[in-house]
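Reviewing the structure listed below.
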Amino acid sequence: MAILVIAEHDNSSIKPATLNAVTAASKIGAEVHLLVAGSACAPAADAAAKIAGVGKVLLADAAQFADQSPENLAALVVANAAAYGHIVAAATTVGKNFMPRVAALLDVAQISEIVAVETPDTFVRPIYAGNVLATVQSSDAIKVITVRATAFEAAGEGGSAAVENLAAAADLGKSKLVNRELTKSERPELTAAKIIVSGGRGMGNGDNFHRLLEPLADRLGAALGASRAAVDAGYVPNDYQVGQTGKIVAPQLYIAVGISGAIQHLAGMKDSKVIVAINKDAEAPIFQVADYGLVGDLFEVLPALLAELG
Amino acid sequence: MKILVPVKRVVDYNVKVRVKADGSNVDLANVKMSMNPFDEIAIEEAVRLKEAGIASEVVAVSAGVTNCQETLRTAMAIGADRGILIQTDVELQPLAVAKLLKALCEKEQPQIVLCGKQAIDDDANQTGQMLAGMMNWPQATFASKIVVAGEQATVTREIDGGLETIEVALPAVLTSDLRLNEPRYATLPNIMKAKRKPLETTNPEALGVDVTPRLKTLKVAEPPKRSAGIKVADAADLVMKLKTEAKVI
């Protein structure tokens with residue numbers, strides 16, 4: 001049976017995490033169909049058709065899918081689920097929101113945030129903030145799966161899938177979007193960045209983030225991240241948070257500045273290729289996972305670092 | 001308005017869990033257990049809604065072994081009015097818990113079910129959304145602000161790109177994110193008072209729910225350990241090593 005991947009998009013382009021979900025689906029070993037549900041989302045469907053490994057794009061274009069509300073999206077997926085053995089989505093805040101609803105309506109378990117596909121019914125997923133990896137086997141007829149994007153390569157371009165229109169049911173009208181306050185930034189998205197510069201409570205205040213960390217991020221073409229402590233203290237918005245319950249990242253280079261390294265933070269970044277820690281406390285747990293540790297006062301180190309980079 | 005708050009007994013968030021030598025499961029013997037932190041936030045929010053005169057009753061529910069009574073007593077010490085324990089020794093997975101909660105919702109008729117967004121043991125992040133689907137109710141997950149007025153909740157949600165605010169008609173399932181509130185410490189008088197609050201015990205059979213696990217854990221293992229690297233002398237040394245050794249900049 002084919003595999004249905006639910007695309008995340010903004011009606012004009014496909015979100016990067018979906019590309020990783022397509023790769024995870026390909027590893028299960030069956031034809032991959034990609035569902036694009038949105039409003040005036042034909043450009044997103046066209047982009048979906050070009051993803052390598054996608055056999056068919058299903059397009060559901062209706063006003064009630066504009067905001068990808070979980071009630072309408074889950075109902076659409078369930079109405080089309082019978083033809084599929086697996087239903088897959090990236091474990092983003094959108095995927096985490098609607099997928100369990102799909103699983104419940106199908107009366108099947110969900111396998112959350114898989115990091116590896118062992119066989120078509122057996123998957124590896126992190127538990128206990130990533131301190132343990134569990135290999136789980138599903139006995140359900142339809143496997144509902146969310147995918148940890150950092151564990152799979154992004155699917156490339158080069159596909160030429162046909163786009164098929166799906167009929168949309170009536171709007172369930174269960175919730176209404178009032179507004180979205182999205183952080184605007186010229187920097188790369190955290191979950192897609194090759195380099196991340198991340199600050200913790202040691203930054204002292206939001207102004208220091210702006211004054212000391214942002215220039216370093218911009219010099220390196222990096223995304224900006226933060227620990228929970230820095231977000232809780234109001235230095236930066238919530239969507240900067242890296243950790244067990246924030247974003248999971250695995251860049252080529254992760255620079256942790258003034259971050260002590262609570263296990264909940266390590267859970268979000270310990271799969272980074274190279275980790276640099278800058279902290280004045282030589283005993284900080286972050287140094288136990290850092291490839292390069294620099295013990296020092298960040299208020300002196302950051303300007304020096306910027307000067308060295310030129 | 002009645003609010004139902006499911007609370008889970010989990011390994012304390014400060015404990016570093018270990019895998020059993022045979023790789024069959026994590027070793028939970030003699031490990032400190034606590035209420036799931038997100039559930040504590042959910043209880044706190046429900047109690048605040050009661051203190052604000054919006055909710056009339058806060059009912060805490062836990063499913064699992066007899067010791068979950070302690071978790072319910074903690075919830076009642078924070079301010080829940082009563083507790084319901086769905087007692088079972090079977091390993092409960094989110095789908096089963098959602099079914100148990102559905103059975104209780106049909107009996108208790110709450111206007112709001114306020115869950116923690118995820119439990120810090122299995123990190124599943126499923127139960128609230130599953131319950132909403134089964135009840136055919138709207139859901140507002142990952143809440144950092146909840147305003148209840150009349151038959152409607154306005155919820156600010158933490159999403160990948162920032163924040164969004166949605167309105168849902170009640171009854172609904174809401175799930176708490178970290179920044180919804182800071183739970184209070186239970187005071188000694190309230191801990192004593194909680195011991196006398198009603199705690200009802202039921203079980204999956206009485207609720208007519210099949211809780212057989214759908215997922216089988218074949219093995220558990222610790223991920224490859226990252227070892228500490230080297231200390232560099234200064235910024236110049238760091239930049240040099242990142243350029244020539246790690247080759248990442």
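For all residues, glycine too, the Cβ spot is worked out from N, Cα and C.
Because TrEMBL annotations are produced automatically, they should be read as predictions rather than curated entries.
Copied from TrEMBL, the annotated features are:
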- A:3-181: domain 'Electron transfer flavoprotein alpha/beta-subunit N-terminal' (DOMAIN)
- A:Arg201, A:227-228, A:241-245, A:258-265, A:Asn279: FAD binding site (BINDING)
On a simple 10 Å Cβ count over all chains shown, which one of the binding-site residues A:Arg201, A:His265 is most densely packed?
A:His265
Run a quick check on A:Arg201, A:Ile259, A:Ala262, A:His265: which of these binding-site residues have any Cβ-Cβ distance to chain B under 8 Å?
none
Relative to the Cβ of A:Ile259 (FAD binding site), which residues of the same chain, six or more apart in sequence, are found under 8 Å away?
A:Ser198, A:Gly199, A:Gly200, A:Arg201, A:Gly202, A:Ser227, A:Ala230, A:His265, A:Ala277, A:Asn279, A:Ala284, A:Ile286
Its Cβ having more other Cβ atoms within 10 Å than any other among the binding-site residues A:Gln241, A:Gln244, A:Ala262, the winner is A:Gln241
A:Arg201 (FAD binding site) in three-state DSSP notation:
helix
Please work out the mean pLDDT for the residues of the domain 'Electron transfer flavoprotein alpha/beta-subunit N-terminal' (A:3-181).
96
